[in-house]
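Enquirer: One structure, pasted below without further comment.
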Amino acid sequence: MKALSKLKAEEGIWMTDVPEPEVGHNDLLIKIRKTAICGTDVHIYNWDEWSQKTIPVPMVVGHEYVGEVVGIGQEVKGFKIGDRVSGEGHITCGHCRNCRGGRTHLCRNTVGVGVNRPGCFAEYLVIPAFNAFKIPDNISDDLASIFDPFGNAVHTALSFDLVGEDVLVSGAGPIGIMAAAVAKHVGARNVVITDVNEYRLSLARKMGVTRAVDVSKENLNDVMAELGMTEGFDVGLEMSGAPPAFRSMLDTMNHGGRIAMLGIPPSDMSIDWNKVIFKGLFIKGIYGREMFETWYKMAALIQSGLDLTPIITHHFGIDDFQKGFDAMRSGQSGKVILSWD
């Protein structure tokens, strides 16, 4: 079958021919319809320091997808041939304390699809049936293919009660923009998103944020004054991993503010911990999605009217995958969809 693989320990992704995966007793075989390119896939393409330490070569990559069930392991219940599914990209162990306690998103032995085991940039994917999620009929293939990153956004945004709150989102990548849209949809008062990429800030405006702020040109305190905010942000969603953005968030949070961090900062990021202590801030780390509460909320948010379609900016056939990666690497895109049909 055709598959996009990290074939060599250098920059790039290659179209390869690999054997079709075998279906285990508890697995589903999924025929891939559409996939989306994640920032993680760009890291793997660029072969940065993280990728060199993490990715075995060769490896079929990718973890954002929608497809159709075409094979079912003999122990699997609850699925049938023809079901349209996406799936949780974190394969969990099932036997650690968190897994056994129902907190599977906190599994200490997580294996990543397209990172530690073969991924979805292929004609077929095998995953445990436990990880599959049936897509409702009224949700399109395009939207279903981005459920994985949308789940990051939902998990982060819904970490705290947002009704009536003023929310700061730092980082206008696709996940940050979707988190801002979720915050607005569920009843936040002001949702302010910051970045230095004007293309992506304009995408955020299309998604309905209160203010999209280019912090290289505007002062966040001036924006707060313009919005009539006198006490700071109630909730911060840190999606950038950029130390200056996080420090600015700490500066502008209200006392007792709550911060959810999805962005991965450099390991040596320094902050003024006095601001955390004396403001009484609460900081929560976010990894992946809650299994599977986040997935049900994702479907419900879309079914209740949340419009994510502006975040999908590019479509390519799989033979034009290089154009898709070029678009993602340029920073002048939202989500990029690759079609396998």
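Placed from the backbone N, Cα and C atoms, the Cβ positions cover glycine too.
Quick paste of what Swiss-Prot says about this protein:
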type	residues	note
BINDING	CYS38, HIS63, GLU64	Zn(2+) 1 binding site
ACT_SITE	THR40	active site, charge relay system
ACT_SITE	HIS43	active site, charge relay system
BINDING	CYS93, CYS96, CYS99, CYS107	Zn(2+) 2 binding site
BINDING	ILE175, ASP195, ARG200, LEU262, GLY263, ILE264, ILE286, TYR287	NAD(+) binding site
Enquirer: CYS93, ASP195: which of these binding-site residues has the highest Cβ count within 10 Å of its own Cβ?
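Expert: Going through CYS93, ASP195 one by one, the largest Cβ count within 10 Å is at ASP195.
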Enquirer: Is it possible to get the count of other C-beta atoms within 10 angstroms of the C-beta of ILE286 (NAD(+) binding site)?
Expert: 21
Enquirer: Beyond the listed site residues CYS93, CYS96, CYS99, CYS107, identify every same-chain residue whose Cβ lies within 8 Å of the center of their Cβ atoms for the Zn(2+) 2 site.
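Expert: Apart from the listed residues, the neighbours are THR92, GLY94, HIS95, ARG97, ASN98, ARG100, THR104, ARG108, ASN109, THR110.
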Enquirer: From the binding-site residues CYS38, GLU64, CYS93, CYS99, CYS107, pick the residue whose C-alpha lies nearest to the C-alpha of LEU262 (NAD(+) binding site).
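Expert: Going through CYS38, GLU64, CYS93, CYS99, CYS107 one by one, the Cα closest to that of LEU262 (NAD(+) binding site) is CYS38.
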Enquirer: If I take the Cα of ILE175 (NAD(+) binding site) as reference, which of the binding-site residues CYS38, CYS99, CYS107 has the closest Cα?
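Expert: Comparing Cα positions, the candidate nearest ILE175 (NAD(+) binding site) turns out to be CYS38.
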Enquirer: Do me a favour and check the Cα-Cα span between CYS96 (Zn(2+) 2 binding site) and GLU64 (Zn(2+) 1 binding site); whole Å is fine.
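Expert: So the alpha carbons of CYS96 (Zn(2+) 2 binding site) and GLU64 (Zn(2+) 1 binding site) sit roughly 26 Å from each other.
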Enquirer: Report the member of CYS96, CYS99, CYS107, LEU262, ILE264 (the binding-site residues) whose C-beta atom has the most other C-beta atoms within 10 angstroms.
Expert: LEU262
Enquirer: Around HIS63 (Zn(2+) 1 binding site), how many other CB atoms lie within 10 A of its CB?
Expert: 25
Enquirer: For the C-alpha pair, I'd like the distance in angstrom between HIS63 (Zn(2+) 1 binding site) and TYR287 (NAD(+) binding site), rounded off.
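Expert: Here the two Cα atoms lie 15 Å apart.
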Enquirer: Looking at the binding-site residues ASP195, ARG200, ILE264, TYR287, which ones sit with their CA no more than 10 Å from the CA of GLU64 (Zn(2+) 1 binding site)?
Expert: none
